[in-house]
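Features reported for this protein in TrEMBL:
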type	residues	note
BINDING	G11, A12, G13, K14, G15, T16, R129, I138, Y139, K201	ATP binding site
REGION	31-60	region 'NMP'
BINDING	T32, R37, K58, L59, V60, G86, F87, P88, R89, Q93, R162, R173	AMP binding site
REGION	128-165	region 'LID'
Amino acid sequence: MKNIVFLGAPGAGKGTQSEFIIKKYGIIQISTGDMLRAAVKAGSPLGKVAKEYMDNGKLVTDEIIIGLMKERLAQPDCKNGFILDGFPRTLAQAKSLDIMLQEDMKTEITHIISLEVPDEYIVERITGRRTSPVTGKIYHVKYNPPAVEGMAEDGKTPLIQRDDDKEETVKKRLEVFHEQADALKSYYKSTGKLFIVDGTKAPDTVFAEIEEILK
Ligand code: AMP
């Protein structure tokens, strides 16, 4: 059983590595960012509240996120293992997660993978990031371009850029990440299940390291 948590700055490669893990191990990915973006797109009450925080690069409140995750983890597809991408982001979320897993699911986190990328790399990585609306696959205009420039796999649907992937918002998101990162890492260090991975390398190289960890 693999219940994986990804830690790492925005743009560290959590989403990309999650895609590889899903393919190889057949477990599901839960991305709170993707869930919130879906809520914003649907115009739901949650989406309306979340949008305000997201557009400013701030964290949505712990209360909202924890409620959202509690509901998500109760779904049957989580029973065979999962990757958490973008959650937990605060110490309060990490503690709630442990309790939810223990009490509601009689399970626990098996691996915490911290993908480490220095800030200097992040802005270029994120501002060049594009997503395929067809498959959800993540591209980069320079480092991982699609087959047809600017287009999704069908060659005709334009790739999209996340609203919060603009430079000013990225800087704020990085600042917010650093406010929480040390506390989260030290919380998980004591579990003996924290693995640090150099996220500056090519995606395949990073994945090879992750495969070793998940063996
Ligand atoms: P992400 O796609 O993980 O970069 O998340 C995009 C945005 O969604 C973040 O900048 C936050 O505003 C919000 N968000 C996603 N996950 C969380 C979380 N665990 N706690 C608080 N806010 C979150």
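Just so you know, the numbers here start at 1 and follow the chain as drawn.
Any Cβ shown, glycine's included, is placed from N, Cα and C.
Please treat TrEMBL annotations as automatic predictions, because they have not gone through curation.
A Cβ distance under 8 Å defines the sequence-distant neighbours of the region 'NMP' (31-60), meaning residues of its chain 6+ beyond its ends; these are 15, 18, 68-69, 72, 85-87, 89-90, 136, 162-164, 168-173, 175-176, 180. Remark: T32 (AMP binding site) has I65, L68, M69, D85, G86, F87, R89 as non-local neighbours, by Cβ distance under 8 Å and separation of at least 6 in sequence. In the three-state DSSP reading, Y139 (ATP binding site) counts as strand. Annotated pair R129 (ATP binding site) and R162 (AMP binding site), C-alpha to C-alpha distance, rounded: 8 Å. Proximity of distant same-chain residues to the region 'LID' (128-165), defined by a Cβ-Cβ separation under 8 Å and at least 6 residues beyond the stretch ends, is recorded for 11, 15-16, 19, 34, 37, 54-55, 57, 173, 203. It is R129 that, of the binding-site residues R129, R162, has its Cβ surrounded by the most other Cβ atoms within 10 Å. Taking G13, V60, R129, R162 as the candidate binding-site residues, the subset whose CB lies under 6 angstroms from any atom of ligand 1 consists of V60. Among the binding-site residues listed (K58, V60, R162), R162 has its Cα nearest to the Cα of G11 (ATP binding site). The distance from the Cα of V60 (AMP binding site) to the Cα of G13 (ATP binding site) comes to 21 Å.
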